[in-house]
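> Mind looking over this structure? Questions follow.
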């Protein structure tokens, strides 16, 4: 053994060839934390000191190669002054450069995922051989930063600036065949041939058949582009990427600027340029929010995994109520491998559900994400039925009938008598109390809520609602099934609107107040889209459906009359009464035409102004900042109340619910992190400025206490 640490070992394989193996003890994956970086330095020194070493193969003892840097360390690291961040990055890069400068050839054997720092380690090697099952990429832009271990320097010099810009600015993972095509790897082999492939390359380099020094040299030099080529490559890329990423996500464009700025430098000077830009991005609020989201997502996954221990295995599912929603649920279950019965009382509804599932599967085939054989397999896993004949072996039933408590209670009571005693019943409801629905059941302990968001195949969140009598097994089994369906489940306790809709309706309430104050809804949409929402509130209400919004608002007003009941007619009332129901009937706040792809396209319709005129009670001058605050303050305060009321257990779950469920701007991190970014005391003072708008704008006593004590939601 040449070197042995807790994350890295170096041992002889054969005739001067050594293996530098990453295998971080006590962890399921390899990652670059402080320990691993320090051991890499020591391992490189040990290799340098051993004159018998003729070549080095870099490998992994895990199923993955290296997933990247340890993101949990980012939080503390990024609090350091910018100069210290730059110095720390340069120190880390000296380790990678020392490996790259070894006087012997090096080969990286990529057995699994190599992302971020994992790929950057491979780029420092002379040759790369990749398993057909592996993926590589530099996803740092998704965290608001860019590669900091030499990725912006080595990758462009290896695969060309155009390819490197695409890889780095998109943050995408790349399959083996694509990596080989652009020259990111030198060979692709079957998993079982990986070590043999690496040995073959290293032996050919040692023998002189391959000139490893010539292979290494371009990575040490400036980019081979003249001034005109640079301008054409980088200016075009910056314009395109800026349009794709938008103004709220600076990292992709900054990465291109860094590659451009370092293009005329050799490796070491180029690494200094990278380190300076990396440190600047690391200090932005966008990076703080996106890293926070990543860590929140990891917490969600840990919490969901904790349910596995007591969850029953779902081998057969059923959905009650076909149509678009039922078809979407059936599709999601079947495509992820769980066969499902789809029951309705009407043949035409069954056909609608099957058509929806078939359409979604067909779309995946068209995009190359599914083979026709797999599509047929998934369709065969959806069994339509008009009766309960096959329900005896069902493990979970998702009820997705009309949003009416009496209908749901009747259907749930009926199906309870048709399934085995330990089968779980789950209601896909967005507003109706789970405790109320449970009253119709003989076994309420087996009943939970399972709120899917529309469209089911696109929205990642599922709210699993725990009723007063729901057992932990019922909750755990539903969480496990949601995970199996490829969703991100969050467990919440029962209340009107649960988490997401309870928070969304105060946001709509702020919007209603603005329209009633004479503010143009088109202007409101533009301001909120610029703030970062995927669509403005008027457009969102049209997509949801004015009738759905009208019903939901009434449910919320009944549940929280002190702050959500408004005696005055609102814009939603006016549109509902005028039968302007949104996209579903072609007119709501906007009118809708069909575009070339057959999708609804919104256009302004002057007729709506006459519909809205009776509900405009004043003409108030408001700034764009006022518009944001009228809407965001009540949303944030309701999120705080959900946390304080125990509807959601943690701040992380609350924020992720909003990002996954309603498209809260990810670069702002969620409602509670948004409060943190303003400062709790400053947010309370801001809310107090709008106190005259009503109780939705009044901070809770506990939040005032947090402000007084200088506390935050995230430390």
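Every residue, even glycine, has its Cβ placed from backbone N, Cα and C.
Checked Swiss-Prot, it gives:
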ACT_SITE  451  active site, for 3-hydroxyacyl-CoA dehydrogenase activity
BINDING   297, 501, 660  substrate binding site
BINDING   325, 344, 401, 402, 403, 408, 430, 454  NAD(+) binding site
REGION    1-190  region 'Enoyl-CoA hydratase/isomerase'
REGION    312-715  region '3-hydroxyacyl-CoA dehydrogenase'
SITE      120  site 'Important for catalytic activity'
SITE      140  site 'Important for catalytic activity'
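Looking at the shown structure, what environment does each listed feature sit in?
Secondary structure at residue 451 (active site, for 3-hydroxyacyl-CoA dehydrogenase activity), as computed by DSSP, is strand. Residue 451 (active site, for 3-hydroxyacyl-CoA dehydrogenase activity): 24 other CB atoms within 10 A of its CB, across all protein chains.
All protein chains considered, the CB of residue 297 (substrate binding site) has 17 other CB atoms within 10 Å.
The number of other Cβ atoms within 10 Å of the Cβ belonging to residue 454 (NAD(+) binding site), over all protein chains shown, comes to 15.
Under the three-state DSSP scheme, residue 120 (site 'Important for catalytic activity') falls in the helix class.
Counting only same-chain residues six or more apart in sequence, the Cβ atoms lying under 8 angstroms from the Cβ of residue 140 (site 'Important for catalytic activity') belong to 68, 116, 146, 147, 148, 151, 168, 171, 251. Classification of residue 140 (site 'Important for catalytic activity') by DSSP places it within a helix.
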> Where residue 120 (site 'Important for catalytic activity') and residue 297 (substrate binding site) are concerned, what is their Cα separation in Å, rounded?
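Rounded to a whole number, the Cα-Cα distance is 24 Å.
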> Mind giving me a neighbour count for residue 344 (NAD(+) binding site)? Other Cβ atoms within 10 Å of its Cβ, every protein chain shown.
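22, counting other Cβ atoms within 10 Å of residue 344 (NAD(+) binding site).
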> Using a 10 Å radius around each Cβ and all protein chains in view, which of these binding-site residues has the most neighbours: 325, 401, 402?
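Top count of Cβ atoms within 10 Å goes to 401.
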> Which chain-mates of residue 660 (substrate binding site) that are at least 6 residues away have a CB under 8 A from its CB, listed by sequence?
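Residue 660 (substrate binding site) has long-range Cβ partners 459, 460, 461, 488, 490.
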> What does the structure give for the C-alpha distance between residue 501 (substrate binding site) and residue 402 (NAD(+) binding site)? Integer Å is fine.
17
> Sort out the sequence-distant neighbours of residue 430 (NAD(+) binding site) for me: same chain, 6+ apart, CB within less than 8 Å of its CB, listed by position.
403, 451, 497, 498, 501, 552
> Quick one: Cα separation, residue 402 (NAD(+) binding site) versus residue 297 (substrate binding site), in Å?
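That separation, Cα to Cα, works out to 32 Å.
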> For residue 408 (NAD(+) binding site), what residues in its own chain, 6 or more apart in sequence, show a Cβ-Cβ distance under 8 Å?
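Listed in sequence order, they are 399, 401, 402, 427, 429, 432, 437.
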